[in-house]
Amino acid sequence: MYLLIVTLPLPGSFVAGAFGRFLGSRGTATITTMCVSLSFPFPLIAFYEVALGASVRYIKIASWIFSEMFDASRGFLFDSSTVVMLIVVTFVSSLVYLYSISYMSEDPHSLRFMCYLFISISFTPMPVTGDNFIQLFLGWEGVGPALYSSINSWFTRLQANKAAIKAMPVNRVGDFGSALGIMGVFTPPQTVDFSTIFACASVFSEPNHFFVFCNMRFHAITVIRILLFIGAAGKFAQIGLHTRLPDVMEGLTPVSASIYVATMVTAGVFMIARCPPSYENSPNALIVITFVGAMTSFFAATTGILQNDLKRVIAYLICSQSGYMIFACGISNYSVSVYHLMNYAFLKALLPLSAGSVIHAMSDEQDMRKMGGLASLLPFTYAMMLIGSLSLIGFPFLTGFHPKDVIPELAYTKYTISGNFAFWLGSVSVFLSAYHSFRLLFLTFLAPTNSFKRDILGCHDAPILMAILLICLAFGSIFVGYLAKDMMIGLGTNFWANFLFISPQNEILAESEFATPTTIKLIPIMFSTLGAFVAYNVNFLANELIFALKTTSSGNGLYCFLNKCRFFDKVFNDFIVRSLPRFGYEVSFKASDKGAIEILGPYGISYTFRELAKQISKLQSGFVYHYAFAMSIGLTIFITIIGLRDFLSFWVDNRLYFIYTVTFLFLNLEGDISTN
């Protein structure tokens, strides 16, 4: 049963890719739907046995890499965090796939898209269920090409092509960091197995374990955890490596939802939550994670307030929440981060799919400024979008409210600089996220219409299949947080057992519950309400004032700065992307390949031997007395060296004879070249 969870999606992708043209779109959809639907009940059974029954499952398939003391077996580990992620991923991925069947019904290349989407779904369980870092890395590497193929399924569309090409090198940066981190993990304990590494974490956190780089010592476990975090940041779109996330919107809507749920969920936060014993013994790495997560949340929230593309607004909303999850790990509350991740998986699917329903109804129009007044034309889609937005901003008692209420309290009761930094940036991010969530609703559904007549005449609500799937996600966005709160993050719960280890000095959940002042507890809900109020006033009551501010020089500059994503892409293009080809040509090609390597390599060796042969050939004069003279000189030198060996060896190193001979040959060679 446990192996079926991982292997069931694979036949679907094979059938869609190899036999789709013979089965047709309907036959392929039937077989692939059966595969993806059958894969969902098994995680529920595994959840009952592993999480509720407190019975970890370890399955060893075969020996994979075996060399002396190193043994990396191919196996699977199912613990509480694994089965929670599998339920989320399989359920939401199944809904996204069924949604895509209806969404792509009129597309002539739907078979290719189904194959690509199924490949990404197939690779998703691998990093979650692996029992060692190599298998986790293999799953990460499989996700990258699958995402490239999915984004680029409309390869004739230039922007989708560019977005797919851009996603690959950004992923490679994260994968490079994670590869270095895995090499570093292997160095102290000589293994990549999770259980062994976690058992040895406290031993290898001692100061006497360090790496030496440029004659400087760095604490080994801190370096390793920061490198692994770089890998997680690349997958989870943290600041600096976030640039691929808005461009993913150029792909199809089911691709966007699949990327958010299937890959970002499993690859980013889960990797950090999988390794708490190591991170708990590296406080400096936790500080870095806290600062990066808080800055990502704030950056994405401020950037999204002036975006006009419907899917890009949702992308920055989700990026902001990913920062929330990261800094929750940074303050050593991995259970809250996984709980937040599980809750927001439903929102991450509901919002893009609802946006896809709007775009589908509006003839592929994505600019919110060309919409408005759609609440009466698309009442069902408006309801779904409203539920998702309210849950995302933390409206009381919806799914998003429970983790968004707990995380700021935990950051506040950390009583450190990093904790306070995360608390205030997270609180401001709540305000900004609420602002552009309601801005999205107002501009798309409630504002006076700016749509073209042809779009309004052809406007239609979601088809029945899409509607059923959106309703399922809406129920998850309303009830899952309440149903799972006490089980996963309630005081005294034993749900996680020892899988999410927290050091005693970092255990602050009880203190945040009972020692946090009431005013601090109310800040998230007050900021959310204030953000909605400001969005209403800005987009309804103060249009003329806002337009006047935009047309001023400073207002126009600020608008361009935020609307263009703070010019991150321009900075990357000018200072990195364009510098790398220049470096490759000037240094790697001209100086290295065509320079040093050829001179010291084949060209230089052939030239040296050719000239040496010429010089030696000059010694062949044909006169016997020349040969006799050379032989006598050589014999005299040989006898002298042998006879005075003990005396000369005291003053002259024997290796100098070779150096002298080579130098003599090169001096003669240089003289001949200059005369010629």
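Placement of Cβ uses the backbone N, Cα and C atoms for every residue, glycine included.
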Transmembrane segment according to TrEMBL, located in which of 208-229, 252-273, 648-669: 252-273
Remote residues contacting the transmembrane segment (624-644) - C-beta distance under 8 A, at least 6 residues beyond either end: none
Whether the transmembrane segment (313-335) meets the transmembrane segment (421-443): three or more C-beta pairs under 8 angstroms: yes
Residues from the same chain, set at least six apart from the ends of the transmembrane segment (374-401), whose C-beta lies under 8 A from its own: 317, 321, 343-344, 346-347, 350-351, 354-355, 357-358, 361-362, 430, 433-434, 437-438, 440-441, 444-446, 449, 451, 456, 459, 461-462, 467, 470-471, 473-474, 476-482, 524-525, 528, 531-532
Surrounding residues of the transmembrane segment (111-128) on its own chain - C-beta under 8 Å, 6+ positions past either end: 5-6, 9-10, 12-13, 16-17, 20-21, 25, 28-29, 32, 35-36, 82, 85-86, 89-90, 93, 96-97, 100-101, 104, 135-140, 142-143, 146-147, 149-150, 153, 252, 254-255, 258-259, 262-263, 266-267, 270-271
